[in-house]
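Taken from TrEMBL as is:
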ACT_SITE  ASP152  active site, proton donor/acceptor
BINDING   ASN7, GLU388  Mg(2+) binding site
BINDING   LYS14, HIS212, LEU213, GLY214, ASN215, GLY216, ASP286, MET287, ARG288, GLY334, ILE335, GLY336, GLU337, ASN338  ATP binding site
BINDING   ARG95  substrate binding site
SITE      HIS184  site 'Transition state stabilizer'
SITE      ARG245  site 'Transition state stabilizer'
Amino acid sequence: MKILVINSGSSSIKFQLLAMEDETVLASGIVERIGEDEGLVKCTFKPGTADEAVVKQREVIKDHTSGMRLVVDFLTDKKTGVISDRSDIGAIGHRVVHGGEDFHQPTRITPEVMAAVEKNVPLAPLHNPANIDGIKVARELFADVPQVAVFDTAFHQTIPPHAYHYAIPYALYEKERIRRYGFHGTSHKFVAGEYARLVGKPLEQLNLITIHLGNGCSMTAVKNGQSVDTTLGLTPLEGLVMGTRSGDVDPAIHAFLARNCNLDIDAIDNLLNKESGLKGLCGLNDMRDIHDAIAAGDQRAKLALEVQTYRNKKYVGAYMAVLGRVDAIVFTAGIGENDEVVREKTLEGLECFGISMDLAVNDQRIKKPTLLSTSDSKIEIWGIPTNEELAIARETQAVLQK
Ligand code: ADP
């Protein structure tokens, strides 16, 4: 079966077409700057193979419907396309950011499911409306094709109440549904599953700390294969230090900024989400630029790296306490896979807890699952590339096979 994975954002649509027999990627790409003066569609056919071909097209892309139509045209193009007709697509998997408390697993899309996703818009006002647009367009263009929603929050619905409640008036949970939800669930679940597969053990018997470090960063405590705590909270702002997001701050910072810096709610929200994190500390949000700056003697860049890796370490300690026994710590995503310095500094000094990294092996970019700990480390350390599109495609297939 061929599955089309769609990740629809406010002004972009990322897509990937996979042949599930051997999980090969037939095409992947992005429609960007939807609704702007000039949009761009970029599609790579058969990426990573000898037949790889890249096609780009610039034109005005009025809305998501026009964007998706272009994707279909690209995929079915007589000369360069990889399918003859849109009916070759057996199913569509959609990334949906917020499933609230309604969705514990990927779910086939029905009118009731759409209504529940709409209900969760207040919890993810930037993301869910764009995801809904993507689903609507796909349903219009592929009326008969089964469609599945895969939620970033679903994997974390096993977190117990003592870990998901904030100590604020209970009525706010009842009325406004304020609690920890967690995000990046598809990625955490994927690498946890990959680890289980690699070591040949049932996931239900494994305790893991999975560390997703990309533009957004989060850490999850996985007990007996289930998420029992995670660093992102009501929104994707809490916890670790991210590219432009602060992670944990004293919650009173809002009142302080309002009173002393004359900032309104939107300005504070913007400051903590877009002007903070690594960028806030040193002006740079890409770890590659930060290393270049450190090499050139930039003390702020050095501080940013130290603040981020110290926060990582603090949560590793917290989750070791949460889990008791830990089988492995798994690094993934842009920084987690590519940055040996961040991995090393995150776990530095934890040898007394049975965590011992093989620094020679760690000194590489992770292209495939790699064991990074020494043979006598009590807790294994792994780098495992994440693949959210493949994860969504697998989940979609599994829902349809049920
Ligand atoms: P997202 O999916 O959240 O947009 P990614 O998981 O692709 O993000 O991670 C992007 C980040 O990964 C970049 O901002 C950069 O900090 C980091 N990154 C990518 N490549 C490298 C590299 N070679 N070395 C260090 N960091 C890298």
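Cβ coordinates are placed from backbone N, Cα and C, and glycine is handled just like the others.
Unlike curated records, TrEMBL annotations are generated automatically.
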Practice problem: Kindly point out which of the binding-site residues ARG95, ASN215, ASP286 have a C-beta less than 6 Å from some atom of ligand 1. | Solution: ASN215, ASP286
Quiz item: Taking the Cβ of HIS184 (site 'Transition state stabilizer') as the centre, how many other Cβ atoms fall within a 10 Å radius?
Solution: 28
Quiz item: Listed recorded positions are ARG95, HIS184, LEU213, ASP286, ILE335, GLU337; which of them have CA atoms within 10 A of the CA of ASN7 (Mg(2+) binding site)?
Solution: ARG95
Quiz item: Do any of ASP152, ARG288, GLU388 (recorded positions) have a CA within 10 A of HIS184 (site 'Transition state stabilizer'), and if so which?
Solution: ASP152, GLU388
Quiz prompt | Among ARG95, ARG245 [recorded positions], residue with fewest other Cβ within 10 Å | solution = ARG95
Practice problem: Taking Cα atoms as reference points, rank the binding-site residues LEU213, ASP286, ARG288 by distance from GLU388 (Mg(2+) binding site) and give the first. | Solution: LEU213
Quiz item: At the level of the C-alpha atoms, what whole-angstrom distance separates ASP152 (active site, proton donor/acceptor) and ARG95 (substrate binding site)?
Solution: 7
Practice problem: Provide the three-state secondary structure of LYS14 (ATP binding site) computed with DSSP. | Solution: strand
Quiz item: Considering the recorded positions ASP152, GLU388, which residue's Cβ sits among the greatest number of other Cβ atoms within 10 Å?
Solution: ASP152
Exercise. Based on Cα distances to ARG95 (substrate binding site), point out the closest of the recorded positions LYS14, LEU213, ARG245, GLU337.
Key: LYS14
Quiz item: For the binding-site residues listed here (ASP286, GLU337), which one has the lowest count of neighbouring CB atoms within 10 Å of its own CB?
Solution: ASP286
Quiz item: What count of other C-beta atoms do you get within 10 angstroms of the C-beta of ARG288 (ATP binding site), across all chains shown?
Solution: 12
Exercise. Among LYS14, HIS212, LEU213, GLY214, ASN215, GLY216, ASP286, MET287, ARG288, GLY334, ILE335, GLY336, GLU337, ASN338, the annotated ATP contacts, find the widest CA pair distance and round it to a whole Å.
Key: 24
Quiz prompt | Inter-residue C-alpha distance, ILE335 (ATP binding site) and ARG245 (site 'Transition state stabilizer') (nearest angstrom) | solution = 15
